[in-house]
Each structure stands twice: as C-alpha cells, then as structure tokens.
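Listed in TrEMBL:
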type	residues	note
ACT_SITE	Asp129	active site, proton acceptor
BINDING	Gly11, Arg72, Cys73, Gly102, Asp103, Gly104, Ser105	ATP binding site
BINDING	Arg21, Ala22, Val23, Val24, Arg25, Arg156, Gly187, Ala188, Glu189, Arg213, Lys215, Lys216, His217	ADP binding site
BINDING	Asp103	Mg(2+) binding site
BINDING	Thr127, Ile128, Asp129, Arg164, Met171, Gly172, Arg173, Glu224, Arg245, His251, Ile252, Gln253, Arg254	substrate binding site
DOMAIN	3-277	domain 'Phosphofructokinase'
Amino acid sequence: MKKIAVLTSGGDSPGMNAAVRAVVRTAIYNNIEVYGVYHGYQGLVEDDIHKLELGSVGDTIQRGGTFLFSARCPEFKEEDVRKVAIENLRKREIEGLVVIGGDGSYRGAQRISEECKEIQTIGIPGTIDNDINGTDFTIGFDTALNTIIDSVDKIRDTASSHARTFIVEVMGRDCGDLALWAGLSVGAETIVVPEVNTEIKEVAEKIEQGIKRGKKHSIVMVAEGCMSGQECAEELSKYINIDTRVSVLGHIQRGGSPSGADRVLASRLGGHAVELLMSGETAKGVGIKHNQLTATPFDEIFGHSDHKFDKQIYQLAKELSI
Ligand code: ADP
C-alpha cells in the first residue's frame, strides 16, 4: 500500500480531527502517502483531494469540528456519481480510503469497495450519538456527554433557585445513550429515551412525590428521538401543575474541544484503520470493545444491532434518583 485517502462525512463530532491526525501520521510513519478529501463524498466527486503532510495535521488534536469539513451528499447513492469519485481515487493510484462518520457514511464506503476491488475501505465511527454497531463508543460521544453535564449543572443552579422542573432535550435520533449517560451523571429524576416506553403520567407522579418530600427542583432528560422537550412539557402539564422550563441544548453538543477520552479513542481508531488497510482488510468498521481494538465487516454493522441499550445503567439511574 503506497497511497491512501481520508475523509470526514455526515454529522461532525469532536475528535474527528484527532482521528484524521492519527490516520495521517500512522500512514506517513509507515511510508504511505496520504490525501485529504475535503467536504466528504462531495469532495470525492468534485476532486477536492489534496496531499497531506505531517504538518497538515499539526495543532488539530485539540480542535472540535473537522478541518477537512463534512457534507451531506445524497447524490452519492447513485452509481454514476460514485463512478466519478472512484475515478478520482484511481487516477491518483489511491488504494485505501478511510471514512470517518456515521453508518450512512459507512454505506458509501461499502459501495466503493463493492464497485472497485482495487480500493480498500475502512470506517471510523465518528458521531456524538453512540449509535454505531461494532463499537462500545463512538468518537465525540464522551465530549458531548461532558458538554451536557456542564450545561445541566448550570441549569440545576437556576432550577433550584426557582424550584422549577427543567426538561432538557438532548441529541439522539434512535439512540438514547446521550440522554441515558447524561441523565445518570447529573442525577436526572427521569430519563426519556426511544428504547424504553415511558408513561408521562408516571413521570408526573414521581415529580409530585419529590416535591412532597421537599425536592427543590427536578430534571427530566429527554432524547430528541423520543419526543421534543416541548412535547414532554405539554404532556406533563396534563397531569401536574408545576412550573416547568424547556431547555433544548441543540448544536452546542456537537462542538467543543474533544475530551481526553475522545482524543485517545480517535488516536487509537485512526492508527488501527491504517494498520488494517496495510494488512489488506477492507469493508470494515473499526471499534473498541472491552478496551480492545476491533474490526467488524460493514455487513454485520448494518445487519444486526449489537449496540444494545444498557438496561443496567437505565435501572441504576432510576434507583439512584428516587
Ligand atoms: P452519517 O454518516 O452521520 O450517518 P448520513 O446518513 O447523512 O450521515 O450519511 C452521510 C453521507 O454518506 C450521505 O450524505 C451520502 O453522501 C453517504 N451515504 C449515505 N447513505 C448512503 C448509501 N446508501 N449509499 C451511498 N452513500 C451513502
């Protein structure tokens, strides 16, 4: 393997730069040339591909976002469009492509490796949602979790001053991990996630019992994929007459300097992706399971869900917030 390329795609996440840096430096350490594809698959199609040097990734490990930029490129689902992208790689004799993103991005990589046998592809899980199979954690999850904790700690100060119930809406379309982990970390009274059927009437009863026991405030942590914070507040108001406020944390969860855990994860996964390419592997997503580096075929990642919601953590959060 003499030349590889790397791109970031889909929703960005803190730590993507650290992953690109690890890919670039591991490759150069092994005498492999590296090309950066700017603006995700869009840049692959438009030939926005540039050689990266050791210095290209200097001063990036601590930065959020992605210096390669990310984009959605719905046209990439069309074979004719992918042909152009593949040709842009082939004319530079690029034999390996590392795609950092979510499972939509992995699907694009899978198509490339199916349609051009000379190009190996490896995916690195970059998303704050922690919703990718084949890994215990995705790059960006820990940073987003800490951003939520920091925000809710502040919300808690004002919540207790005014004896209010705050409904905090966090990201997570189909996966409640951010709400779950953040809920446990901030001592939320209730966690509302897509994986568990929650009766809002019971949430109202719990808040009421808390108030009777003298609780100054309550935090309800809601994953956006389950219901919006506003919907949750409206539902609650059918059962209980309390002073509620909704806080939608939104895109601040995607930004910020990556946490130590994310920098380490991104560096390990980036290095492993290059090692896999060098050993001839293709169409796999790297991950971490029980602190061991892993590689799972894209087919398995899409095929079945091993990224199970952790019911033990959910139960523990419930027991600790009575
Ligand atoms: P994420 O990677 O975060 O899940 P998306 O689902 O938006 O984000 O996917 C990112 C990009 O990956 C899309 O804009 C598109 O270019 C590409 N992509 C997604 N699904 C496919 C597919 N089925 N075939 C080819 N490319 C795809």
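Just so you know, glycine gets a Cβ as well, placed from its N, Cα and C.
Unlike curated records, TrEMBL annotations are generated automatically.
The most densely surrounded of the binding-site residues Gly11, Gly104 is Gly11 (count of other Cβ atoms within 10 A of its Cβ). Considering only the binding-site residues Arg21, Thr127, Gly187, the residue whose Cα is spatially closest to the Cα of Gly11 (ATP binding site) is Thr127. Reported as a whole number, the C-alpha separation between Glu189 (ADP binding site) and Arg72 (ATP binding site) equals 37 Å.
Taking all protein chains in view, 21 other C-beta atoms sit within 10 angstroms of the C-beta of His217 (ADP binding site). Of all the binding-site residues listed here (Gly102, Gly187), it is Gly187 whose C-beta has the fewest other C-beta atoms within 10 angstroms. Neighbour count (other Cβ atoms within 10 Å of the Cβ, all protein chains): 20 for Arg254 (substrate binding site). Among the recorded positions Arg21, Asp129, Met171, Gly187, Glu189, Ile252, no residue has its Cβ under 6 Å from any atom of ligand 1. Here the candidates are the binding-site residues Gly102, Asp103, Gly187, Lys215, and by Cα distance the one nearest Arg254 (substrate binding site) turns out to be Gly102. Mean pLDDT across the domain 'Phosphofructokinase' (3-277) comes to 96 in this model. The sparsest Cβ neighbourhood within 10 Å, among the listed binding-site residues (Val23, Met171), is found at Met171.
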